[in-house]
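Q: Okay, these came from Swiss-Prot:
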{"type": "ACT_SITE", "residues": "GLU188", "note": "active site, proton donor"}
{"type": "ACT_SITE", "residues": "LYS321", "note": "active site, proton acceptor"}
{"type": "BINDING", "residues": "HIS136, GLU145, GLU271, ASP296, SER348, HIS349, ARG350, SER351, LYS372", "note": "substrate binding site"}
{"type": "BINDING", "residues": "ASP223, GLU271, ASP296", "note": "Mg(2+) binding site"}
Amino acid sequence: DLYTSKGLFRAAVPSGASTGIYEALELRDNDKTRFMGKGVSKAVAHVNKTIAPALISKNISVVEQEKIDRLMLEMDGSENKSKFGANAILGVSLAVCKAGAAEKGVPLYRHIADLAGNPEVILPVPAFNVINGGSHAGNKLAMQEFMILPVGAESFKEAMRIGAEVYHNLKNVIKEKYGKDATNVGDEGGFAPNILENKEALELLKNAINKAGYSDKIVIGMDVAASEFYRDGKYDLDFKSPDDPSRYITPDQLADLYKSFVKNYPVVSIEDPFDQDDWAAWKKFTASVGIQVVGDDLTVTNPKRIAKAVDDKACNCLLLKVNQIGSVTESLQACKLAQSNGWGVMVSHRSGETEDTFIADLVVGLCTGQIKTGAPCRSERLAKYNQILRIEEEL
């Protein structure tokens, strides 16, 4: 909570389930007697006892986002924000950004656009994660997210309607094939039917899209989160079963599987197809396919990792997660670095989301044109989509 003469500005920081090893540090108490070790009293104390007094004494205006973020980074002094915790720094950074917009008397998305030097704003295409697997779900499915992108919609409002209708058609398709309990939802609001074959998930999507009557307006995206099932240079597509190295497949075999998906289904975007350090596989794959290849665990919204990925031509789109890097200023830098190198950028939520809607304004202000913030289900996901609907009405 940040108070200025204009009122109260509040931010909440999300948390990820499948985190990349190069992400900024999320500071937890590790006191097993409280919240299973996941308490954040240390991070909160850093805000109240160190960061807040410093910002108040320096008397910097809340519109000076970069100055405030730089001050916090200097005070922390570590490479990955391990002293204060990225969760402490980001909470303040987000609240400052909201306060800055109010100080200027403009909507948050305009303030963000100003900070990024964008004269215009753009509404995004939503990527709805409607089938969940991987570390987000209790099924056997290895690949983490299967998304629908209503690229043929004329407006965000229409995109929401298409997404909702396909989602409910998918629910019926799954119920008919696997029974009612297969329609329980995963962390991000998507369904998590107990299937093993990743192709089966694509088949279910294709079916639901056709039933809803939108086969001409929707394309499919995937987030494989392959770092979660990388084993000794190979990949285990049945990683939730007892370990058996004989079933591991090579990066080339995995790449061929992706190519078969692209050939047989309208798959136009694949995120984290390989492990976060399997640079050779990324490079080879991106050069050989004409689709969007998104870096998440690979790039962790970190300008240094992005620069390496640009040099290596490892991918062609950045997944932007504010809590991977831990400040608004660095998030804008990461976005601009990617865009200036001709990459796409997709703004993203985390599996452990909050009701905070900052990323809805962020995606509009940064003009990235793409956002993924879950299925049209669960209010912490819908909060973001509803905020974009409101922004569209305003514009």
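Yeah, the Cβs are placed from backbone N, Cα and C, and that goes for glycine too.
Buried or exposed, and what's around them? Tell me for each listed feature.
A: The Cβ neighbour count for GLU188 (active site, proton donor), using a 10 Å radius and every protein chain shown, is 30.
DSSP assigns LYS321 (active site, proton acceptor) to coil in the three-state reduction, placing it in neither a helix nor a strand. Other Cβ atoms within 10 Å of the Cβ of LYS321 (active site, proton acceptor), summed over all protein chains shown, number 25.
In this view, ARG350 (substrate binding site) is surrounded by 22 other Cβ atoms within 10 Å of its Cβ, with every protein chain counted.
For ASP223 (Mg(2+) binding site), other Cβ atoms within 10 Å of its Cβ number 30.
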Q: Spatially speaking, which of the recorded positions GLU188, ASP223, ASP296, LYS321 is closest to GLU271 (substrate binding site)? Use C-alpha to C-alpha, please.
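A: Nearest listed residue in space: ASP223.
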Q: Among the recorded positions GLU188, ASP223, ASP296, whose Cα is within 10 A of the Cα of LYS321 (active site, proton acceptor)?
A: ASP296
Q: I'd like to know which of the recorded positions GLU188, ASP223, ASP296 sit within 10 A of ARG350 (substrate binding site) at the Cα level.
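A: Close recorded positions: GLU188.
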Q: Rounded to the nearest Å, what's the C-alpha distance separating ASP223 (Mg(2+) binding site) and LYS372 (substrate binding site)? Just drop the number here, would you?
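A: Distance (Cα to Cα, whole Å): 11 Å.
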Q: Helix, strand or coil by DSSP: which one applies to LYS372 (substrate binding site)?
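A: Note: LYS372 (substrate binding site) is in a strand by DSSP.
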Q: LYS372 (substrate binding site) to GLU188 (active site, proton donor): how many Å between their Cα atoms?
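A: That comes out at 10 Å between the alpha carbons.
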Q: Could you tell me which three-state DSSP class GLU188 (active site, proton donor) falls into?
A: coil
